[in-house]
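S.K.: Pasting a structure below so you can have a look.
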Amino acid sequence: MKESFYIEGMTCTACSSGIERSLGRKSFVKKIEVSLLNKSANIEFNENETNLDEIFKLIEKLGYSPKKTLAEEKKEFFSPNVKLALAVIFTLFVVYLSMGAMLSPSLLPESLLTINNHSNFLNACLQLIGTLIVMHLGRDFYIQGFKALWHRQPNMSSLIAIGTSAALISSLWQLYFVYTSQWSYGHYYFESVCVILMFVMVGKRIENVSKDKALDAMQALMKNAPKTALKMHNNQQIEVLVDSIVVGDILKVLPGSAIAVDGEIIEGEGELDESMLSGEALPVYKKVGDKVFSGTFNSHTSFLMKATQDNKNSTLSQIVEMIHNAQSSKAEISRLADKVSSVFVPSVIAIAILAFVVWLIIAPKPDFWWNFGIALEVFVSVLVISCPCALGLATPMSILVANQKASSLGLFFKDAKSLEKARLVNTIVFDKTGTLTNGKPVVKSVHSNIELLELLSLAGSIEKSSEHVIAKGIVEYAKEHNAPLKEMSEVKVKTGFGISAKTDYQGAKEVIKVGNSEFFNPINALEIQENGILVFVGRVISEKEDELLGAFVLEDLPKKGVKEHIAQIKKLGINTFLLSGDNRENVKKCALELGIDGYISNAKPQDKLNKIKELKEKGQIVMMVGDGLNDAPSLAMSDVAVVMAKGSDVSVQAADIVSFNNDIKSVYSAIKLSQATIKNIKENLFWAFCYNSVFIPLACGVLYKANIMLSPAIAGLAMSLSSVSVVLNSQRLRNFKIKDH
């Protein structure tokens, strides 16, 4: 069984990886992925051995709060921004008390002046009050940090909580000695505690704002979903909940309202904003017979539509599910960071303790409390400067921003692995009809042995009973030439060959057939030299003989810009193949015209499947690009499956990437975005590893002899800047652009 739920209380990747590690050890858990950014988890488990309630109890034992739905955040007395502003004000107050006299004695009243650069008792008490206020404002770090430590799952909050608590306890201890007059002054760390918490809070605020902006993509889509719709019942409009709509319901769509579910216009017309699907801002004109999709907006006039999908299976619901899965899943490249994070925090605590002991022993002055002060500063600096957040954010933040960018391009990735793997593709296999071509064959020429209008009337009358795209092309041509369409009887369809029906022909009831050459008994074929899709029209004379009445030559024209986009793809060093069930001449012509490297014609679904198998066995990483309707086996066999879709035609289950642009440019865009994303992730990881590799030893005091020591306050600033730099670098993906040539 697969379930998705939310987890509150996670602060860094050590939290998410700890939950994964703990639950992953259970025999009944098949797979679990926890997303720090989404505060969510996807789990697959054996329902015969456990249930979701038991899994929730296991997570609660680790110190986190699992929830089936993400409840609204509790309203606090202070908003995050006000809380941060207060933290900054009180931090400056404590720093002013601590260091004001060092800068200029006139800054402080005489009663608060320091003794030998050390705060007096009253000064220290005021610092303590300011520090306790700042600690209260940052209390979440202590609650979550010590809770995680108690459950043996230490995280970033644990490091901050331990470090600042140690500094506070040391300061209180020394304040006690001053109060009892055993010491004339003490060396306090109140300003260090405040500055550390302030910098961390600033960093977290910037981080959370950036996360929220990146998560806005799904929130914006959800806002497109109307809660109610106007249902027609006995010629009356009834407002109903969208969840109650079933296939076949007739709905009225008013100007300025959103489409509730996928459907088809049956009366009226409209102009729809489909930018949430395609990324194109221009409205799309829709008339009777056209499909409309959930989440799109009707700009002008009202119309009636028939629902073809319910809310659960609508286009918008599928897109939201894809975005959620993509944001919650993990890329393979993140596994390294997860492994490091699992041992990172315990290792940092061990290093901090070791550094404290070493400095206590080797400190150059014989005074114990001076040595203790140096050792404590090193201990706090090591804990505070280490940044598991930079490691944890390196991959998911880039994936999050990349998915947001993809949706603006009309692209949707199934999961992070799809986004990651697209850049590795070295062979692309294209379906032809509807993928490279318009998918709407048009009549190119007509060859007739009878009067032309009679031929058009016969063919159009029979083909109007078929839903095949070729049939629609012939019917459209007949209508354009004002051919009368007759009533048919005994209509029979032979899939893959053609259609037959009984109708009036030359004063008698005759069986007329329309289809490919294999549909007819041996006849004297017309000499047709043109390339194209051949459709014959004939009269049945006997069971063994048909009379040829004429033939249509149709062509399915390539989509605009396809040739240029394929040239772009080939410049990336990618091999291209065309697989089609069409005849050899048409497929060859299409391949040559578009500059495709190889082709296979007359290909049945099994032939396409075998070709992809063959390419993969040769070590190729294969992307299959199709329409998702009849390419499911080939799409499933490929390494990366791309479905070129228009609304509800999409088969999400078969796709790794869905393009609602229905444009080959999307394939190039997906590959380039994948490359840019992985490059961005590597930059983030490089910075995160380098930062921790360089700054942790510095905090330990390895350059003490060169007079370089990092104070706890500077360590806090460095840690905040580290995670913020990863977030800001990830945001650069927002500026990702595709060059046309």
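Cβ from N, Cα, C; glycine included.
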S.K.: In terms of membrane topology from Swiss-Prot, Asn123 and Ser448: same side, yes or no?
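M.R.: Going by what Swiss-Prot records, Ser448 is on the opposite face of the membrane from Asn123.
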S.K.: Judged by the number of other CB atoms within 10 angstroms, which among Asp431, Asp627 is the least packed of the recorded positions?
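M.R.: Ranked by other Cβ atoms within 10 Å, the recorded positions Asp431, Asp627 bottom out at Asp627.
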S.K.: If you count Cβ atoms within 10 Å of the Cβ of Cys12 (Cu cation binding site), leaving out that atom itself, what do you get?
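M.R.: I count 27 other Cβ atoms within 10 Å of it.
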S.K.: If you draw a 10 Å sphere on the Cβ of Cys15 (Cu cation binding site), how many other Cβ atoms land inside?
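M.R.: Neighbour count, Cβ to Cβ under the 10 Å cut-off: 29.
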S.K.: For the transmembrane segment (376-393), which partner among 125-144, 191-211, 340-362, 682-701 gives the most CB pairs under 8 Å?
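M.R.: Answer is 682-701, with the largest number of Cβ pairs below 8 Å.
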S.K.: Reduced to three states, what secondary structure does DSSP give Asp431 (active site, 4-aspartylphosphate intermediate)?
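M.R.: Its secondary structure by DSSP: strand.
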S.K.: How big is the Cα-to-Cα gap, in Å, between Asp627 (Mg(2+) binding site) and Cys15 (Cu cation binding site)?
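M.R.: One finds 41 Å between the Cα atoms of these residues.
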S.K.: Sort out the residues at least 6 away from either end of the transmembrane segment (682-701), same chain, that have Cβ-Cβ distances under 8 Å to it, and list them.
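M.R.: Result: 333, 336-337, 344, 348, 351, 355, 359, 378, 381-382, 384-387, 390-391, 393-395, 397-398, 708-710, 715, 718, 722, 725-726, 729-730.
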S.K.: Hey, which of 125-144, 191-211, 340-362 has the most Cβ-Cβ pairs under 8 Å against the transmembrane segment (713-731)?
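M.R.: Stretch with maximum Cβ contacts: 191-211.
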